[in-house]
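Encoded as structure tokens, the structure appears first; notes follow it.
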């Protein structure tokens, strides 16, 4: 008996005829056949449900010979347990060496199905027309293919490992660059913070000196006036007392009394009225920060006052044509003032836009934001109560007017380039002179009542021009 046949016989002896696998907890029936304990019990349980067969009480037929065997007579077969365990562990006795269907050695290889088969499988209908090779010949052929694949995969693995190393190096270098950039950002921002602290201290010192210098002049002027006021009070009191005396007493030394009044000369000090605080509220870099919120604001032609002209420089055309006689009075058009609003409304977020101005000597204008539902037909005060948060330039271009109290903000120079910053959530609108980066004024409140629109207004035909983005706006004269 050759080794293959011996292996086949040992596999047969160690194999359960019910599950066709190596024995697990084998037991022997009264008739001498062996089965897995679980397999024979399941077989007998199935037999209970079959009808038409009478069985002795507690006895069941053997699956091999059909001889009745008492269930309680099942005896463990420890020797077969060891044989089955040896068969599991021995490489030459693996179940995969036998055909699962025919329990024959797998000696052939079906190239069509790419699987080992036995001699019985080759004669079966399933494989009869397939290309079949001896197992060893197929193994040699496929071994060459596998070696080629292994060689290719090893080359690919080397490439992958090389790329992996490069990627790891790149990752490390990237993390180092990010770390360096982070440190640089922190360092530069720390420099900016220190610079701003120093600049704040410097500007406050300049303001304090300006305050003290002007305050000293004002106090000197006030002290001089106080002294003269006391002297005048004394002379006035003397004259009043003399005027109430008897005629004789009143006329005695009247010449000296009158000379005292004549000799007193009231010295009116030069009135110190500072036109404007020279120290500007200017934070370095603030305009650049605000420009990160910049919007491309465009005036809405349909909202423009009938004689307010809008000219688009890129397209070289009028957005609101020069009116012939009178322009159409739509519900969106301002008719009481030469005003217009932006095309886009804002109901959240932060927004910044700029307006350039080429104004004349008697310029009148207003800039800011307004509610989207403000009155466009009636003349109303442009105040927050009426839905306007705007600053106005009074005649002479030296004072910004703030409604509703007509508070005046005196300017050192008339602004020719204004920046407007809206922080909707904060309820704040701020105005800046882009020329020198100074802050001019802010409106603050708890919350805005609804969507806001950019607001533009020119006061008269000779007020000059406003430039909003690529649109130039002026009043037809």
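For all residues, glycine too, the Cβ spot is worked out from N, Cα and C.
These features come from Swiss-Prot:
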type: ZN_FING; residues: 16-66; note: zinc finger
type: ZN_FING; residues: 94-135; note: zinc finger
type: BINDING; residues: 99, 102, 121, 127; note: Zn(2+) binding site
type: COILED; residues: 135-226; note: coiled coil
type: DOMAIN; residues: 276-475; note: domain 'B30.2/SPRY'
Secondary structure at residue 121 (Zn(2+) binding site), reduced by DSSP to three states: helix
Entry from the binding-site residues list 102, 127 having the most other CB atoms no farther than 10 A: 127
Lowest local Cβ density (other Cβ within 10 Å) among binding-site residues: 99, 121: 99
DSSP three-state assignment for residue 99 (Zn(2+) binding site): coil
Per-region confidence, the zinc finger (94-135) (mean pLDDT, whole number): 83
DSSP helix/strand/coil residue counts for the zinc finger (94-135): 9 helix, 11 strand, 22 coil
Additional residues surrounding Zn(2+), by Cβ distance to the 99, 102, 121, 127 centre under 8 Å: 101, 104, 117, 118, 119, 120, 122, 124
